[in-house]
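Copied over from TrEMBL:
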TRANSMEM  38-55  transmembrane segment
DOMAIN    83-127  domain 'Homeobox'
DNA_BIND  85-128  DNA-binding region
DOMAIN    130-331  domain 'TLC'
TRANSMEM  179-198  transmembrane segment
TRANSMEM  205-224  transmembrane segment
TRANSMEM  262-282  transmembrane segment
TRANSMEM  302-323  transmembrane segment
REGION    338-387  region 'Disordered'
Amino acid sequence: MAGILAWFWNERFWLPHNVTWADLQSTEEAAFPQAEDLYLAFPLAFCIFMIRLLFERFIAKPCALGLKVQANGPQKAQPNAILEKVFTAITKHPDEKRLEGLSKQLDWDVRSIQRWFRQRRNQEKPSTLRKFCESMWRFTFYLYIFTYGVRFLKKTPWLWNTRQCWSGYPYQPLMPDLHYYYIVELSFYWSLMFSQFIDVKRKDFGIMFTHHIVTVTLITFSYVTNLTRVGTLILCLHDAADIVLEAAKMANYCKCQKLSDLLFLTFAVVFIVSRLGIYPLWILNTTLFELYEALGNFPALWVFNVLLLVLQILHCFWSYLIVKAAYKAISKGKVAKDSRSDVESSSDEEETVPRSKAPHSTVTTNGTSGANGTNGYLTAATSSEEH
């Protein structure tokens, strides 16, 4: 084990030439980031999760009810032991052959069985109330941490001159405010890593899981190697768009469509400007070029930059989806028909009238019809899509 740890913490990988871990031990004169500090994130992540539960129950839920957010879930399918057994044990999407077999067994027409399975799938969708509470929690946290980050960064020299991120590196003392900022952000993303398995499930679950892994790895990696100055810039930049996104979703759940449309378009602008403009020109420029000029090269920098580039790839993917949705919104003059991230992967369009009377009639979900969700961002889809 000692050999493995020595190999993992090899100074020639993690640190610049002629720098050792002993050089970065905290003293009475100056504190430096220590790997063991990161253990604080785990109990704090649990505390954040508990605070979230209390917030959603005693603050978000009363607010939602006061705003008349729909509390009831989708219409429930009528009880049927045979269909329930097929649904839970075999398939949630029976094929034509199975539908015909069930039709003969139950003496139901195929359309009624299809409707039952749609309704049963929709039962597993979370209510609008639950989604509002989740968005309000995220909005509150992002607003708090973004405000904290801006107040902290405006007093630092590296906000105005990114070359200051590398001045004196790696012997940059760890300020208490920076330590708090880092640990709280890391704890929040750890809480998301675990809570996403019980949160509203959306179609881009895998992509968002990758995003959370990359984020946690970046925060951890930059803290251990004392790349915290540029790390604070990255954290603050990413929180800005998330505030507007969660606000747009809350407005959507409240059926404030004009406000939701405005916030959606604002989010699209903020996201694209910050993630495709400021991030590469400001962050990647300093980590790929200014950092190399100041410190030369060592292996950890390559890993750090690869992670930042993976994050940029995710930015490009989400920006494509946002532009697609925004183009559709502008061309139709209405955002309400566009996809939002508030529809889960299990959602189905529930038919409420016979096909003979309304061949293409569907019920919109939370103000959007045929939405194709992303767990933080937006996608475009037509109103005829079924999920």
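Along the chain as shown, residues are numbered 1 onward.
Glycine is no exception: its Cβ is also placed from the backbone N, Cα and C atoms.
Annotations in TrEMBL come from automatic prediction, not curation.
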What same-chain residues lie close to the transmembrane segment (205-224): Cβ under 8 Å, and 6 or more beyond its ends? 14, 33, 35, 37-38, 182, 185-186, 189-190, 192-193, 196, 230-231, 234-235, 300, 303-304, 307-308, 310-311, 314, 317, 345, 374-376
Other same-chain positions with a Cβ less than 8 Å from the transmembrane segment (262-282) and lying at least 6 residues past its termini are 162, 233-234, 237-238, 240-241, 244-245, 247-248, 251, 312, 315-316, 318-319, 322-323, 325-326, 329, 335, 338, 340, 377-378
State the mean pLDDT for the domain 'Homeobox' (83-127). 89
For the DNA-binding region (85-128), the DSSP residue counts stand at 31 helix, 0 strand, 13 coil
